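Structure first, then comments.
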Protein chains: 4
Amino acid sequence: MTDRGKEDLTALRRLLHRHAERGWEEFWTTAFVAASLERLGFSLRLGADAVEAASAMGRPDGKALARARERALSWGADRALIERLGDWTGLVALFDTGRPGPVTAFRFDLDAVETAECRQAGHRPFDEGFASLDETTAHACGHDGHMAVGLALAGRIAALAPDLTGRIKLLFQPAEEGVRGGRAMTEKGHLDDVDVLFGFHLAGQFASGAVGAGCSDFLCTTKVDVAFRGVAAHAGMAPNEGKNALLAAATAVLGLHAIAPHRDGASRVNVGVLRAGTGRNVVPDRAELLFETRGQTAAIDRYVYERALEVLDGAARSQGVSVETRLAGGAVDGTSHPDLVALVAEKARAVGFTDVSLEGRIGGSEDFSWMMRRVDERGGRACHFIVGADRTAGHHNGRFDFDESVLPRAVDLFEALLRDRAGRGDDLRR
Amino acid sequence: MTDRGKEDLTALRRLLHRHAERGWEEFWTTAFVAASLERLGFSLRLGADAVEAASAMGRPDGKALARARERALSWGADRALIERLGDWTGLVALFDTGRPGPVTAFRFDLDAVETAECRQAGHRPFDEGFASLDETTAHACGHDGHMAVGLALAGRIAALAPDLTGRIKLLFQPAEEGVRGGRAMTEKGHLDDVDVLFGFHLAGQFASGAVGAGCSDFLCTTKVDVAFRGVAAHAGMAPNEGKNALLAAATAVLGLHAIAPHRDGASRVNVGVLRAGTGRNVVPDRAELLFETRGQTAAIDRYVYERALEVLDGAARSQGVSVETRLAGGAVDGTSHPDLVALVAEKARAVGFTDVSLEGRIGGSEDFSWMMRRVDERGGRACHFIVGADRTAGHHNGRFDFDESVLPRAVDLFEALLRDRAGRGDDLRR
Amino acid sequence: MTDRGKEDLTALRRLLHRHAERGWEEFWTTAFVAASLERLGFSLRLGADAVEAASAMGRPDGKALARARERALSWGADRALIERLGDWTGLVALFDTGRPGPVTAFRFDLDAVETAECRQAGHRPFDEGFASLDETTAHACGHDGHMAVGLALAGRIAALAPDLTGRIKLLFQPAEEGVRGGRAMTEKGHLDDVDVLFGFHLAGQFASGAVGAGCSDFLCTTKVDVAFRGVAAHAGMAPNEGKNALLAAATAVLGLHAIAPHRDGASRVNVGVLRAGTGRNVVPDRAELLFETRGQTAAIDRYVYERALEVLDGAARSQGVSVETRLAGGAVDGTSHPDLVALVAEKARAVGFTDVSLEGRIGGSEDFSWMMRRVDERGGRACHFIVGADRTAGHHNGRFDFDESVLPRAVDLFEALLRDRAGRGDDLRR
Amino acid sequence: MTDRGKEDLTALRRLLHRHAERGWEEFWTTAFVAASLERLGFSLRLGADAVEAASAMGRPDGKALARARERALSWGADRALIERLGDWTGLVALFDTGRPGPVTAFRFDLDAVETAECRQAGHRPFDEGFASLDETTAHACGHDGHMAVGLALAGRIAALAPDLTGRIKLLFQPAEEGVRGGRAMTEKGHLDDVDVLFGFHLAGQFASGAVGAGCSDFLCTTKVDVAFRGVAAHAGMAPNEGKNALLAAATAVLGLHAIAPHRDGASRVNVGVLRAGTGRNVVPDRAELLFETRGQTAAIDRYVYERALEVLDGAARSQGVSVETRLAGGAVDGTSHPDLVALVAEKARAVGFTDVSLEGRIGGSEDFSWMMRRVDERGGRACHFIVGADRTAGHHNGRFDFDESVLPRAVDLFEALLRDRAGRGDDLRR
């Protein structure tokens, strides 16, 4: 890549970094990406055309969406695009070469993390003026870099068009944090015709120069929001008139953590947040809790989740209160296809990565897994890999930043994968 | 009373003491009482004619009943009477004077307590050879004395027959301990036509020579047996295959004790016994618990009981196990009629009791309350009183014994009440 | 009272209503009252001289105090007075007649309630422009009326000075809501020399024209804030490294509500608020809960409180977390002296109240009880009474307002009590 | 083996089967084995010389031991031997060849299971008259077969003596069920000088003719008995005077099951049995629970065990009751040495087993693991293997019986191992 190209890529990443938006609120970001891709000749499916509303999880309320749209406009987003988006973010961009060939897809993610970015000297985004405009939200996971790579790849696609075959899809997914958006994009059908799918993550446990060519350890997880509703009463004067939502919630917390482990492998349950009650002398009429289940396999996660529903139902009944649960996120398991893992490894070496391993532990959950599973079910192949990058702090930490110098080579790797899968000529394989 | 009469009364009480039988198992006792009353000209309603089966609570199983019947025979009970009793104990004896007049009723209780009687020197029943034949059961509450008084009263009724009017009923109730039998006798209808009802208890907080003329502090209570049934599984190999009855029971215990108090008065809940599980390394598939609720009023007891059912249901559902509850006993509240309280006090003084108070705290629950309530509902009047007696230990204690010298005067008091209510002549009042 | 006097009294109440301040933050109010009383010749003990810091409960943090002081200044409070107050509010005003005689004391309360005042047509404070300046705080309990009466009484004291004897104390207590300030004013010693103490409350269950002359049903209560501190950990990756503060809190909630009732009378416990955890996938390292105990007697409240500490300690240890408790409020029991109850009733009738009863149920807790107890211990007498007032909603409701027309007669009643107890001449009694 | 030899072996197994004794109560069995071995020239370490008292877990009380000794005598045990045993069972038998060489050890187990043996036609021990004499105890795990093999091996050792070298130890361990005795035999030092140790189990998942040559999946486990002690009180009259042991136990049950899983591998906790309380209307003053922990590694088991102690301590404190825990059993992890696994496989094939695999899943815990670990720590090698046998029901089931025809070949395998390790000549090992 030329020095100019590298500078542009860095600038692009920094622009995206500065406009950090939370999951499902990526209006500015979606509009920005959309405008860029439209210019390059991609045809777009935006917002409600990109995601299936019924499968969207962990959505903010209408007020938060309105605030986010307003802000996007105040940040200069194109009003027409914002209006097209309505209540939804995310986009799928299609480049049709007009020639027969496979459907090759690449997925990137749009959202930032709910964390305050460090605003002290020594944190480069702060020092160099591209820290997040929103004090409570930051690109502390690297999705800004992912998008920069994705947009650069789009430019390559446009430039290489005469040499490409088939159709090429770029998926810019909303709400990856909390694993909330991947399923919705999958359920919209965008993966149904995909022959080859690539996704990636920056950094993780890999340093600059390294690549982990195939992640296969996605943990299944389900995220659930719970609301108990009872009846308030004066705790001194009429305790018997209350229906105690907090007692139900406390009973549920103990019951959830006591769900038996599974013979077939590891499982987890965590009630991470509980908020209940309105005043010291009032029988609490409401309690909200946020919890998650995990399982080494989808079946184990499902077992824990179903047991959890029993526990919640029983706890509510025991206090005569109601309970509602809402799916707030979820990811399944998944394994990168070995052929593609080998391909990524080969191309990574080819473009100059010096430390290439076949295994790329993601060490957690990723809702790319929904897409992998769909592609796999339809007879295609998918692969998720890690592009190493030195980082200044752990992912999701307010001090997180990564070595931008890895971005150009990441673009080169994507181009190599593109050429291999969608190229006309010598590059064509298998 | 003549010295001979006093000796007979003492001997009668000791005979009954020696043949202590538990609630619903009073076969020997019922047969003995029945034979005595038949001889005196009473007509009898026995066993299933004395109690309403559907309202009987806390019944032993068939094996226990069979064992008890066998033992009654081995103790010399009349085989024909035992056969008439079948599976049921208790009796109602009617004496019809043939003259118009009120229905006057007296209630006594048949059963002994599940406690081991003291078998050491210094405990009179042991020293003088009339300790309970059953090592695990004892007349440690005074019901033997109650029955002795009742049988002596029957003799007086027969002797005074020409001077009496109306009909006189003697109710010998089974299973007072655990408040299990009172409701069944009431539901059979024996109280429906009663104009005046008397019941009494020996000792309590009153010394020999004292009488507490009217008890009004009966606590409402409900006794419940609970069985959780789940699915056993190897706790190490297949923990997820179990349905844990102990977890349900433990959740229920906490939930039961956390039932909110009532604005209108005192309430109680106690899980007195819990037994669960079969082996250390097996997910427990069964758990039994015995609990009770109490309330200052029937409404409060009902509130606690209904909340308890919710708690149990919720706890069971939370673990995917089943739960069954069985009413094992119950008593309601009740107040002695002030007119009768005054009458008891007057007659007590008249027959020589020296320390007579109007209030007679029973300090707990008594299923005489069911009978009081029914009489009251039908327009009659009822009274429960205490005849003081020095005692050697607390009620239900294996060392309990009482001062037998109070029995003759207790009989005199009952006779005085009888004459007042059912007499023809000068004694007739109001 | 003259019409002008009545208008002034109403205006005074409304001025105080408008400047509603929460407990321990009554800087504007204290300064306003102080300035008024100083003008009338009272000598003042302010802030830290009025309350014993070590006995103050439920104090806001330093930031909240600083904000409240700033606001008081912005509302026009006298800067010199605010500086004298420092971190503390409340005042005791002494009027020394210079003549021998008793110490007669009257107590009023300064603080408003943490509730949003109704801002819709039909709510008089909104309609007539005297709604609370602070949107989250309102005089929804009537303390504004209490203070207006107190200041009017101060004027009467000054006017009647030549006819009075002894010393007269006016106590303006901070932080009555949540029963947080009464003990601190008592522990400072201001009640130690008091011969006669009066306190009152507006409205309650009494309509305009009525007086409940002697409250005797103060419930003992203890308010406690609890903080559990554990160790956060990634719930999926390292669950064993966490110390789960939420599990401790949930265990505590169940344990607190399961504290056994007391043989000697009613008790209560309520966990009104629980907040725990920081994120769904993090083992919660902190949990805060707010609870209260109540008891029919001080001993019962103490029993529940001490059991609660055991429960909290055990719950914390069971999860290896720490727990800290902080007393956030408390009140004891207390009974109005019958002589003073009779006096209040007599004077109430004398000044024109038409419906006077001897009993004045406060139906809850009041930290006036600390003061009553101290006066009683030192051989004095105390009385708390209710001055009825029609109201538009329940106390503490954002729509609460009361019938201001009762205020003049309330002042008259106080004057009558003053004359009776501290008068020189014909009014002197006993 | 000759037909006669086979018949003897079967008869021996059946004799042992008939005299089934529980762990730590194997007086008849120990005496029988001891007499047999003494006759063959072994020198014996019996009872307290065979096991370290301080490390014995899950011991019965003195009464049970006395009863078991009495019964052993009634079954014809040698009185002198029973007296030598005192309160202890188990034995270590040493055969010294007098020639230099290794110490070769073999371990067998003495105890039967606490289960009722099937007494219906179709169950061979019943049909053929060798069912357990004790109706509540049965050799339902195969230890009778183990001992028969061990005694036959002893005969071979005596017969082959001239061809053997070094010293040969036979360990007959008490109380393997519940993993209670293995540690005590290890701590006595009997493994400290052992160069090669073999142990085996019959049946498991292997059919007749099969051998699983090396078990390596021993789960670490800890068995704990817990006793809570509180204060009883009348639940209606004086609930506040009780210290509720059942509430503590119920809290503990929930807390134990909620212990967080470990990042490093599987863990388990199970409260298998809970018994609490004495009567429905009494605050329970005692509660006993039996639980176990398991871990994929010793560190994980330790983690769960230590967390469990915290939970128990906290639960007890929360109710003001005391808690005592007693180690009732335990096993560690362990891996068969690969050289010995290969050897067992080779010899198994050599003696005619037709289905030999290298892996032999024991699928649970075995306190042979203590011995393996000690041998390994001292530089020796150990191996545990499975000799397949068709069976009629699962281990520990009252219908369990196994195919006795595998016993002769099992003896042959042991002889082959003996010759390989302790032989003088051609058999001498690598």
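Each residue, glycine too, has its Cβ placed from N, Cα and C.
Unlike curated records, TrEMBL annotations are generated automatically.
When TrEMBL records D:Cys141, D:His143, D:Glu177, D:His396 as binding Mn(2+), the matching candidate from D:His201, D:His234, D:His257, D:His337 it lists for that site is D:His201. In the three-state DSSP scheme, D:His396 (Mn(2+) binding site) falls into the coil class. DSSP assigns D:Glu177 (Mn(2+) binding site) to coil in the three-state reduction, outside any helix or strand. For the domain 'Peptidase M20 dimerisation' (D:224-294), the DSSP-based tally of helix, strand and coil residues reads 16 helix, 31 strand, 24 coil. Within 8 A of the CB centroid of the Mn(2+) site residues D:Cys141, D:His143, D:Glu177, D:His201, D:His396, the other residues of that chain are D:Asp109, D:Asp111, D:Ala112, D:Val113, D:His139, D:Ala140, D:Gly142, D:Glu176, D:His395. A C-beta separation below 8 Å, combined with a sequence spacing of at least six in one chain, links D:His396 (Mn(2+) binding site) to D:Val113, D:Thr115, D:Ala140, D:Cys141. If you draw a 10 Å sphere around the CB of D:His201 (Mn(2+) binding site), it holds 25 other CB atoms from the protein chains shown.
Its Cβ taken as reference, D:Glu177 (Mn(2+) binding site) is surrounded by 22 other Cβ atoms within 10 Å in the chains shown. Secondary structure at D:His143 (Mn(2+) binding site), as computed by DSSP, is helix. Along the domain 'Peptidase M20 dimerisation' (D:224-294), the predicted structure has mean pLDDT 95.
Under the DSSP three-state reduction, D:His201 (Mn(2+) binding site) is assigned to strand. Cβ neighbour density within 10 Å is lowest for D:Cys141 among the binding-site residues D:Cys141, D:His143.
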